[in-house]
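Student: Sharing a structure below in structure tokens format, with a few things to ask.
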Amino acid sequence: MSNETEPKLTATTTTTTTSATDIDKPSSLSKNQQRKQKRYELMLERRKSKRKEEKAKQKQRRLEKLKNAPEQSLITRHSLKNNRMENSSCHIRICIDCRYDSLMSDKDVGSLQKQISFSYSSNRRLPAPCQFYLTNVDGQLERRLTANSVKNWDIHMRSEPIEQVFPHEDILYLTSESENVLSSTEPLDERTVYVIGGIVDHNSRKGLCYQLALANKWRHARLPIDEFVKMNTRRVLACNHVMEILLNYIQLGDWKKAFEQNIPKRKQVTEEIDESSDNDDDDDVPKTVSPNHPKDPKPCAEIHERRGEVDEGEDPPPLSS
């Protein structure tokens, strides 16, 4: 009996030892793979150091802004918890009308969601934030805002349209096509709701907000851009730019500064073209003429006319049979 069991035991031991050696044996990497692994580890280390440097730069920029801000117009991140609309001394109402969800592509809805986020961030960081509303929030935009934790925002978000949220006489729709202009001397009115059309259409639906205001018999007006800033494009701005202009005007009371700080530089005319420069004499400009150039060259019209006569006089080449 003992002789029969011994070979079985030896067989099991040999199998266990071979399996153990296979497990303990490290996987061999080629030199190319080892180089790639080292590069990857170096990249991770550099990324960590860059992140630390970037955080330090951002902190330094934040401190400089706080030092240079007039009357502490910027607040720290820790004080945001107590800086809410219900405690604000500013009761001016600004609303983004989001009824145009079905008219935009998914990409444009994403752009609108980012513009709303920028607008909320600008209002949230003011010492006295205004009363910020979103109306007619539904569909794609609602899903994107929900994914962006809009429930935790300090904002009045409603699914009803503006005509069901505010009285008819309080609504003033901001549209660039309006012939009415906001007052350049008086402050914004707390009894008025300043409505911004929440649409990203790349100028494919011109006058849509204006026609909506006319159809519903709402008051409408445009920002006094032409009175303070020259633009090389239409007076159509993104929602967050309009929001920041209104917030800056509430803070500073100066339309010119509000426009210059928030309208993109690419849309502003920085230098005026001097028309008289085209009529200046060219006597002071040095002329480089080749020695073989004729003193009295013939006009181009005469040369082209002569060339046409030569072309007409030539015989066409014979056709090959």
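Each Cβ is built from the backbone N, Cα and C atoms, and glycine gets one as well.
Curation plays no part in TrEMBL annotations; they are all automatic predictions.
Checked TrEMBL, it gives:
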| type | residues | note |
| --- | --- | --- |
| COMPBIAS | 10-21 | compositional bias 'Low complexity' |
| COMPBIAS | 39-68 | compositional bias 'Basic and acidic residues' |
| COMPBIAS | 271-284 | compositional bias 'Acidic residues' |
| COMPBIAS | 293-310 | compositional bias 'Basic and acidic residues' |
| DOMAIN | 76-270 | domain 'SAM-dependent MTase TRM10-type' |
| REGION | 1-80 | region 'Disordered' |
| REGION | 268-321 | region 'Disordered' |
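For each listed feature, how buried is it and what is near it?
Tutor: Summarising model confidence by region, the domain 'SAM-dependent MTase TRM10-type' (76-270) averages a pLDDT of 91.
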Student: For the compositional bias 'Basic and acidic residues' (39-68), how many residues does DSSP put in helix, in strand and in coil?
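Tutor: Tallied per class, the compositional bias 'Basic and acidic residues' (39-68) gives 30 helix, 0 strand, 0 coil.
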